[in-house]
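Undergrad: Okay, handing you the structure first.
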Amino acid sequence: MGQDAFMEPFGDTLGVFQCKIYLLLFGACSGLKVTVPSHTVHGVRGQALYLPVHYGFHTPASDIQIIWLFERPHTMPKYLLGSVNKSVVPDLEYQHKFTMMPPNASLLINPLQFPDEGNYIVKVNIQGNGTLSASQKIQVTVDDPVTKPVVQIHPPSGAVEYVGNMTLTCHVEGGTRLAYQWLKNGRPVHTSSTYSFSPQNNTLHIAPVTKEDIGNYSCLVRNPVSEMESDIIMPIIYYGPYGLQVNSDKGLKVGEVFTVDLGEAILFDCSADSHPPNTYSWIRRTDNTTYIIKHGPRLEVASEKVAQKTMDYVCCAYNNITGRQDETHFTVIITSVGLEKLAQKGKSLSPLASITGISLFLIISMCLLFLWKKYQPYKVIKQKLEGRPETEYRKAQTFSGHEDALDDFGIYEFVAFPDVSGVSRIPSRSVPASDCVSGQDLHSTVYEVIQHIPAQQQDHPE
């Protein structure tokens with residue numbers, strides 16, 4: 001590329017001079033400063049690449065000269081193009097590839113190809129009271145962008161924990177200067193006792209696989225101009241069972257003992273961490289004998305149908321891929337807590353029952369009192385007695401106080417006299433003649449009293 005490291009004359013005002021390239025690169029730079037944003041620029045093959053350059057000075061300048069050189073390792077720098085003030089003098093071999101717009105010292109490379117990779121040197125000379133020079137070097141790399149990587153797993157059917165191994169390989173169709181990195185759950189994977197990598201880092205070996213190796217794996221591929229990440233892939237690892245335990249929806253659990261209320265139906269659930277899912281079996285233990293009562297992860301026990309108050313069970317989990325199994329023992333104790341709760345519930349309702357009973361008693365009493373007031377049963381009885389025939393009254397005898405009590409049946413009527421001390425009781429029989437005069441008033445009173453007794457005096461002999 002370009003001519004040798006000797007410069008041609010640039011105009012009559014500068015005069016004729018020749019020097020070697022390395023002398024130009026290390027010229028004086030007092031009062032002149034050349035800067036570049038980055039000393040390394042990465043370009044994409046087939047695209048344009050812009051190399052920005054800035055310079056400044058503080059002295060009067062009559063002429064500004066800009067020179068671009070290109071060098072590769074172990075080769076001499078080659079001239080690309082130069083300018084004095086606004087006049088550009090390109091190398092005819094590359095006049096359509098490199099572009100510069102003085103006094104701007106930046107360089108445009110279009111299109112960028114792999115041979116364009118190397119070091120680009122820019123030198124600025126200022127002519128005034130003297131000549132000031134400064135230069136910068138920019139390293140340019142050229143790459144193809146990375147295409148999306150694809151990860152393959154071997155064996156694709158999976159591996160058994162502590163028995164099988166697994167290999168993950170990252171494939172990329174396009175890209176240069178590729179750098180591979182493996183990620184697990186979004187974090188970098190490092191070398192360990194089970195992880196190892198190929199020299200290019202595009203292959204990950206896991207030997208042997210364990211449950212902890214389960215996760216989302218991806219391959220990140222990058223180069224100076226791009227990066228791409230593969231789709232997430234999860235290796236299949238068979239493990240377990242781990243952490244076998246039994247839980248229930250009811251009852252109290254203390255250790256391996258479940259306390260269940262009498263009359264409750266309790267559902268037990270047996271679970272363990274495993275892949276693929278386990279096969280569960282429920283075993284009942286009685287009198288040193290065991291027998292399988294059910295298959296599946298759940299068991300329902302109806303406590304009211306169980307004759308024993310204490311029952312022993314075993315839940316067994318088996319993984320048919322790993323060939324491992326585990327079991328857990330537990331005891332079920334049936335108590336009468338449910339009945340006590342029911343009795344307490346009845347006691348809690350007793351005040352309400354008492355109030356209800358008292359209310360019913362009062363209502364019934366009021367109804368009976370109302371019926372008694374309305375119909376008065378004693379009057380009915382009296383009317384029936386008064387309506388008896390006279391023959392029954394004739395049978396009644398006077399009260400003498402000495403006859404047999406069986407002969408005293410009859411109807412009596414007693415009268416209270418105002419003067420009890422002055423009047424003596426007169427029997428219902430006839431009064432002697434000696435007493436008739438003194439007891440006339442009394443007799444008439446007695447007669448009025450006893451006249452209510454039908455025909456009792458007529459039947460008495462005179």
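Even glycines carry a Cβ here, placed using N, Cα and C.
These figures come from a predicted structure and were not determined experimentally.
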Undergrad: Looking at N104, N320, which residue has the N-linked glycosylation site feature per Swiss-Prot?
TA: N320
Undergrad: Which cysteine out of C315, C316 is the one Swiss-Prot pairs with C270 in a disulfide?
TA: C315
Undergrad: With respect to Swiss-Prot, which of the residues N129, N288 bears the note N-linked glycosylation site?
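TA: Record lookup in Swiss-Prot returns N-linked glycosylation site for N129.
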Undergrad: Hey, which of N85, N201 does Swiss-Prot call N-linked glycosylation site?
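TA: Cross-referencing N85, N201 with Swiss-Prot, N-linked glycosylation site lands on N85.
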Undergrad: Looking at the disulfide bonds in Swiss-Prot, identify which of C170, C316 pairs up with C219.
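TA: Disulfide partner per Swiss-Prot record: C170.
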Undergrad: Using C-alpha atoms, which one of the recorded positions N85, N165, C270, C315, N320 comes nearest to C219 (disulfide bond)?
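TA: Among N85, N165, C270, C315, N320, N165.
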Undergrad: Where DSSP helix means H, G or I and strand means E or B, what are the helix, strand and coil counts for the domain 'Ig-like C2-type 1' (149-233)?
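TA: Secondary-structure composition of the domain 'Ig-like C2-type 1' (149-233): 3 helix, 40 strand, 42 coil.
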Undergrad: Mind checking how the domain 'Ig-like C2-type 2' (235-331) divides into helix, strand and coil residues in DSSP?
TA: 3 helix, 67 strand, 27 coil
Undergrad: Test of understanding: give the count of other CB atoms lying within 10 angstroms of the CB of N165 (N-linked glycosylation site).
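TA: If we count other Cβ atoms within 10 Å of N165 (N-linked glycosylation site), we arrive at 13.
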Undergrad: When the Cα of N129 (N-linked glycosylation site) is compared with the Cα of each of the recorded positions N85, N165, C170, C315, which one is closest?
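TA: That would be N85, nearest by Cα distance.
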Undergrad: Measuring CA to CA, name the entry from the recorded positions N85, N165, C170, C270 that ends up nearest N320 (N-linked glycosylation site).
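TA: That would be C270, nearest by Cα distance.
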Undergrad: So for C315 (disulfide bond), how many other CB atoms are inside 10 Å of its CB?
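TA: I count 23 other Cβ atoms within 10 Å of it.
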